[in-house]
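Quick look at what TrEMBL annotates:
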DOMAIN    B:35-311  domain 'AB hydrolase-1'
ACT_SITE  B:SER131  active site, nucleophile
BINDING   B:ARG185, B:ASP308  substrate binding site
ACT_SITE  B:ASP274  active site
SITE      B:ARG276  site 'Important for acyl-CoA specificity'
ACT_SITE  B:HIS307  active site
Protein chains: 2
Amino acid sequence: MVETLVVEGGLTLESGAHLAPLEIAYARYGDPSHPVVYICHALTGDAEAAVWWDTLIGPGKVLDTDRFHVVCANLLGGCMGTTGPSSTNPATGEPYGTDFPLFTMRDLVAVHRTLLRALEIERVDIAVGGSLGGMQILQWSLDFPGEIDRAVLVCASSRLTAQNIAFSKVARHAILTHDAMDVARMMAHITYLSEEGMERKFQRARRVPDADMTLHSDFEVEHYLDHQAKIFLARFDPGTYLYLSRVMDYYDAFADERPQPPTTKYLLVSFSSDWRFGTDHSVAIQRQLKTLGADSTHHEVESPWGHDSFLMNVPEYHRLVKEFVYQDVASAL
Amino acid sequence: MVETLVVEGGLTLESGAHLAPLEIAYARYGDPSHPVVYICHALTGDAEAAVWWDTLIGPGKVLDTDRFHVVCANLLGGCMGTTGPSSTNPATGEPYGTDFPLFTMRDLVAVHRTLLRALEIERVDIAVGGSLGGMQILQWSLDFPGEIDRAVLVCASSRLTAQNIAFSKVARHAILTHDAMDVARMMAHITYLSEEGMERKFQRARRVPDADMTLHSDFEVEHYLDHQAKIFLARFDPGTYLYLSRVMDYYDAFADERPQPPTTKYLLVSFSSDWRFGTDHSVAIQRQLKTLGADSTHHEVESPWGHDSFLMNVPEYHRLVKEFVYQDVASAL
């Protein structure tokens, strides 16, 4: 069940802009006396981690809600209960839209920390995130040593490449210039899969094998993209897409000097067929973490499902997370 | 200089539709008594091969217009002089738009052959094409043994993958639903480059390094995409984009039984960083050509410039084409 924390005083963003009130939608699973697992979601997620990440989170699963207290919040700028571009701007009584202030990865972290203070949770035993989720955790662990014991960063990045930014740019251009979030989503969806995964799933199958040629959807892969875009348009806010994609573009986790080594112990997982934030990104994170003197392990896992692998049942990946999660918290359970 | 052949009787397409009149815009370079090099252009090209392919074609170049007679036509469905969706539909006096009949790779070939008959050219010594250009030549050589002596297929494909079709689908959806050919072009442009090539060229450079964050273009790669889209919108027709991309989706060069082996000798070139029609596509073509008993050689050339490498100065690639072109025509020169 999603609950909402209302922070009347609001939040001052890294830019200096002040956002008030601030609402934070969050979900909790399991006994609050158990070790805390904090989940950060990716671009299009929400607070209900045990729903969208049910491959990993739930009773008896790798992140076992019978043994951990699992907490997840909708991100700042989100459209699933936390204040964002679709929220009402108190100054106008209308939705913020693109009047919403721009914000950064640090602001996303500030919202998570605000929630934890309100919940009287002082330390996160294990923080887990894929893609943008992992980026938030990386920023958090670097900025606030001592707050996160163990971090699982799955197909994360410490800074986007020119190609990554280019894809985000095209998505934003589609939304800003043509009101075409469906196009943005379709394109992004291709980048979350792999060529091999798409070939396995669709090949060149046509909906009606001997139908005449048409400019409209005919191949099964086309119908699939139409369907994905349709359900996405119905549930998601274009403003959130704009703002959260931009947070990623500007993100550069290791740009600042770090006088103090991170105390967090990291598990990095990347997937062989992920070409959005592939193994190179995790290798770069680990190299920087080593320079800072942090304890980290990186594994590339074979999987044909591209970037989306982090949401799928990939046994080797789940085994690695399970080992990492239980190796040191065993005494606390 | 571009000339135009008007075929009053028109052309009956593979679908049975009849298109009349048919205009074919073409360019010729060099002495008509020299061996014939026929160029087939890719999705967004035109008849002026010595302009858009000036890395390869011209006096003293690999395809030396002092030693060859080079011919190139704008494709059927094109918007650079040959009849296409932007041409006037004689039945209505208005541009065809999406009333233009759908057509196939064989129809593109039929137009090239119509031109050559009108020019009284009976045999092509060397046919050269990159991407969609190579696909036309492959179809032509398989359907009409004896007409093409030597073929250079650069980063071509004999059939698109689900991922290839998916990218085309998103481009068409952007055009058909949102009148957004700029978005289609931006996205396609990313797929013609490589991650490495983009990183070398742009990194994370910003137009104004310390400017405030914005949702609009800021990184150099964003300005580059804006610029590419702007010049493309000014020169290209969305209908051509729709129809020619669809020709590629339905193309399946080896779907039919071939009782007769091709007489053409093939050089296949692919590029290491091309992820649109990469080495797998050329390998698949060569495997099928071998099954048919055709003479073919394939080389993967190292290049960081992705699919666009075929238009660039990549010395190893140019050396291979030069060797292939001169090895057997030397006696004729």
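Heads up, the Cβ atoms here are built off N, Cα and C, so glycines get one too.
Bear in mind that TrEMBL entries carry predicted annotations, made automatically and left uncurated.
Other Cβ atoms within 10 Å of the Cβ of B:ARG185 (substrate binding site), summed over all protein chains shown, number 25.
Secondary structure from DSSP puts B:ASP308 (substrate binding site) in a helix. Looking at the domain 'AB hydrolase-1' (B:35-311) alone, the prediction's average pLDDT is 97.
The two recorded residues, B:ASP274 (active site) and B:HIS307 (active site), show a Cα separation of 4 Å. Take the recorded positions B:ASP274, B:ASP308: by the count of other Cβ atoms within 10 Å of each Cβ, the lowest one is B:ASP308. Here B:SER131 (active site, nucleophile) comes close to B:ALA42, B:LEU43, B:VAL154, B:CYS155, B:ALA156, B:ARG276, B:PHE277, B:HIS307, B:PHE310: these same-chain residues lie at least six apart in sequence, with C-beta atoms under 8 angstroms from its C-beta. Within 10 Å of the C-beta atom of B:HIS307 (active site) sit 24 other C-beta atoms, taking all shown protein chains into account. In the three-state DSSP scheme, the residue listed as 'active site, nucleophile' is classed as coil.
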